[in-house]
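Here is what Swiss-Prot records for this protein:
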- 127: active site, proton acceptor (ACT_SITE)
- 11, 72, 73, 102, 103, 104, 105: ATP binding site (BINDING)
- 21, 22, 23, 24, 25, 154, 185, 186, 187, 211, 213, 214, 215: ADP binding site (BINDING)
- 103: Mg(2+) binding site (BINDING)
- 125, 126, 127, 162, 169, 170, 171, 222, 243, 249, 250, 251, 252: substrate binding site (BINDING)
């Protein structure tokens, strides 16, 4: 394989630049040319493609976001969009593609695979909701960003003896809420993957107040409901001096953590190895601290991401 293309798609995640850097440098080290595709699959179809050199990825490993930019492009789900994309890849002489992104990006890579074009998926999303890997690029940075906010909010919550509902991103997955909640000593963690009873939540808050507790922190995954809606429902069971903090897109930004930089570097290098060996139609992951590759079609069609619910039970046992 003489030429590899790379794109980032969907929501950005800290560490994407580190992955791009690894792909570019590993490729050049192995004598392979790399072409960067701007704006994801939209840029692919439009032919917004340029050659990348070592200098292009210098001073990038510490930066959040993606310097190749990203975009959502639902048209790539159509036959016309896919064929146009393959036409552009062939026009530039690109023989294999690295796709960094989340679930939608993986489906784009899978579509190319089904049409006979070798593509390798790298999991890059703060949501940590991709099957076939324990952790995705950007997740560690995201939970540390949330954790910093939890620590700050606790200060003001204690000063005013308040309950705070902290809404965090994650789409339909509760991993960000779960991990940051345990690390931040949350009183309650509300996630889509586990039922909850508002009456019991209110009961636990009141029990804490009765023991003299000066704050209550509830970490709410956005996939359950909005923070303001949750606070309104909670108020039906008592006045807990509740305030709502919606962290939103701030969780996506910032310099990637050491863990995300290392993870991204490992994934990027391995993606090049796979394509160099002529292997496409795969997605890369980290399972039991080992970098692995699995069939992307099988992974998407027959697997479903599951959070570590033992953390939910742990928090319930130690959060009173």
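Glycine is no exception: its Cβ is also placed from the backbone N, Cα and C atoms.
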Exercise. Near the Cβ of residue 215 (ADP binding site), how many other Cβ atoms are there if near means within 10 Å?
Worked result: 20
Exercise. Taking the Cβ of residue 169 (substrate binding site) as reference, which residues of that chain separated by at least 6 in sequence fall under 8 Å from it?
Worked result: 126, 127, 142, 176, 222, 247, 248, 249, 251, 252
Problem set entry | Spatial neighbours, same chain, of residue 21 (ADP binding site) - Cβ under 8 Å, 6+ residues apart | 57, 60, 61, 265, 268
Seminar exercise, completed: Comparing the Cα of residue 72 (ATP binding site) with the Cα atoms of the binding-site residues 23, 243, 250, the shortest distance belongs to 250
Exercise. What three-state secondary structure does DSSP assign to residue 127 (active site, proton acceptor)?
Worked result: coil
Exercise. ADP site residues 21, 22, 23, 24, 25, 154, 185, 186, 187, 211, 213, 214, 215: biggest Cα-Cα distance, Å?
Worked result: 58
Problem set entry | Alpha-carbon spacing, residue 11 (ATP binding site) to residue 215 (ADP binding site), which is rounded to whole Å | 34
Exercise. At its widest, how many Å does the recorded ATP site span between Cα atoms of 11, 72, 73, 102, 103, 104, 105?
Worked result: 13
